[in-house]
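Now, the feature entries from TrEMBL:
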- Asp154: active site (ACT_SITE)
- Glu219: active site, proton acceptor (ACT_SITE)
- His152, Asp185, Asp248: Mn(2+) 2 binding site (BINDING)
- Asp185, Glu220, His498: Mn(2+) 1 binding site (BINDING)
- 270-417: domain 'Peptidase M20 dimerisation' (DOMAIN)
- His281: site 'Important for catalytic activity' (SITE)
Amino acid sequence: MPAVFVAGDREVSSAEAAHGISRPLSARHHLPFLAFLLLLDGGMFSPSSPPTGLLEKVFQYIDLHQDEFVQTLKEWVAVESDSVQPVLRLRRELLRMMGLAAERLRLLGARVDSVDAGFQQLPDGQSLPIPPIILAELGDDPKKPTVCFYGHLDVQPARQEDGWVTDPYTLTEVDGKLYGRGTTDNKGPVLAWINAVSTFRALDEDLPVNVKFVIEGMEEAGSPALEELVQKEKAGFFSSVDYIVISDNLWISRRTPALTYGVRGNSYFMVEVKCRDQDFHSGTFGGILNEPMADLVALLGSLVDSSGRILIPGIYDHVAPVTEEEKRTYEAINLDLEEYRKSSQVKKFLFDTKEELLMHLWRYPSLSIHGIEGAFHEPGAKTVIPGRVIGKFSIRLVPHMNMSVVEKQVKQHLDYIFSKRNSSNQMTVSMTLGLHPWTANTRDNQYLAAKRAIKTVFGTEPDMIRDGSTIPIAKIFQDTIQKSVMMLPLGAVDDGEHSQNEKINRWNYIEGSKLFAAFFLEMAKLH
């Protein structure tokens, strides 16, 4: 048999090495080598005490079958389940993705209902089917707690020519990193939950808790039909739910696990400036009219200054004040600011201390300018004056901010700035999306259970964090079902959700599957 040695995350025989050939590591090589890699990187913790009994059996099974779990993730990533681009081909891919998930849950013995979500009406008058929302359940023992997991299987658009090193829809493993669109947001975490359940099933062990799944395919497009379904099923599917868990965000670190207890909301705005529907030739018309693009640039430039402060009058009036207890939570978080900067590939942040950065990321509002519709953006030089342009920006909302007040403040500010330009163009401002912020009670049983499970699997206490992004379903669940909601993330801070080269580390994916299994057992103890 040829000699075999390890290179990166590949195993290579001496004969193959001479020809530059490598192949994926088998399960027997992954464990020790991956552990070595992560220890070198400071990314692996020793469990506080070795697992025993059932938990030991569960962990061993997950370790031995990790290549199968990665293979399933590869199959799911291969489905181009893009919900953002409203085209029929991609909508069919979404329907296929939801079918794969439903079938996998049925194979576990779950009762699965694929709920018809109707159609999405597009601005041009077309309509597209909304993929069904999966409601699945395993177990109905009244003596056990019922934990409901929410996840989504749609993804943001991705093309290799946008800067991906690999094909975004072909899962590619490099140095323990699993690259592909949807790996961390959110197909990997959804599968980690399923992996945990399937492990108990494969070992012929009774699930410690009753488990329910709510899985949708339109989260990236605003989750149409989901809130209506939650309201409708409040006295049905959700009536027996005790706890709701969401795993759709990231750690604040590459190494330290986290529990999330709050997210910001979001108000999305469109500001249109119009002279006419057709573009102009800049040689024929340049210099004799108010150009819509110039008006729009002035409007967008009036929204935020170079220090990140929002310039809309009154916008900070209702932001919740910082308490001493809250300040202490930022001090306790394990964040190396320089490492965070490097992993983010940012030359310099606006703030120099960990506490300032985290507060401006989580508990203060922010304003981001996203793009301009109608402007020339292709390569080359086109001497055109756009006749109609639409600027797009959003404000991340934090507790105590009133969405309708923010909408009024934005419109008043833009009206004032536009009036000062004395432009003959027409300006229209609209808020197209409004999502509330969310915070949780970290003293709930499931937060305690998750902390214990994290300590068991990772050997460390979690960072208690908030998230600067918006996950609207958390607030919907909390307000409608009136039960505890927790965010239990799996991905590392450098996973690149929504970005090029999105990935999830094999370690996070496999240890995350163990984490969910340990969480089930801890919930059973506490209930």
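Backbone N, Cα and C define each Cβ position, glycine as well.
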### Those recorded positions listed as Glu219, Asp248, and which of them has the most Cβ atoms within 10 Å of its own Cβ
Asp248
### Residues close to Mn(2+) 1 site centre defined by Asp185, Glu220, His498, Cβ within 8 Å
Val155, Gln156, Gly182, Asn186, Glu219, Glu497
#### Entry: Residues within 8 Å of the His152, Asp185, Asp248 Cβ centre (excluding the Mn(2+) 2 site residues themselves)
Gly151, Asn186, Pro189, Val190, Glu219, Glu220, Ile471, Glu497
#### Entry: Sparsest-packed among the recorded positions, when each Cβ's other Cβ atoms within 10 Å are tallied, from His152, His281, His498
His281
### Query
For the recorded positions listed here (Asp154, Asp185, Glu220), which one has the lowest count of neighbouring CB atoms within 10 Å of its own CB?
Glu220
## Note on the structure
The rounded CA-CA distance in Å from Asp185 (Mn(2+) 2 binding site) to His498 (Mn(2+) 1 binding site) is 8
### Task
Looking only at C-alpha atoms, tell me how far Glu219 (active site, proton acceptor) is from Asp154 (active site), rounded to the nearest Å.
7
### Task
Measure from the CA atom of Asp154 (active site) to the CA atom of Glu220 (Mn(2+) 1 binding site) and give the result in Å, rounded to a whole number.
7
### Task
Just give the helix, strand and coil counts over the domain 'Peptidase M20 dimerisation' (270-417), going by DSSP.
55 helix, 29 strand, 64 coil
### Query
Cα distance, His281 (site 'Important for catalytic activity') to Asp154 (active site), nearest Å?
41
### Message
What does the structure give for the C-alpha distance between Asp248 (Mn(2+) 2 binding site) and His498 (Mn(2+) 1 binding site)? Integer Å is fine.
### Response
12
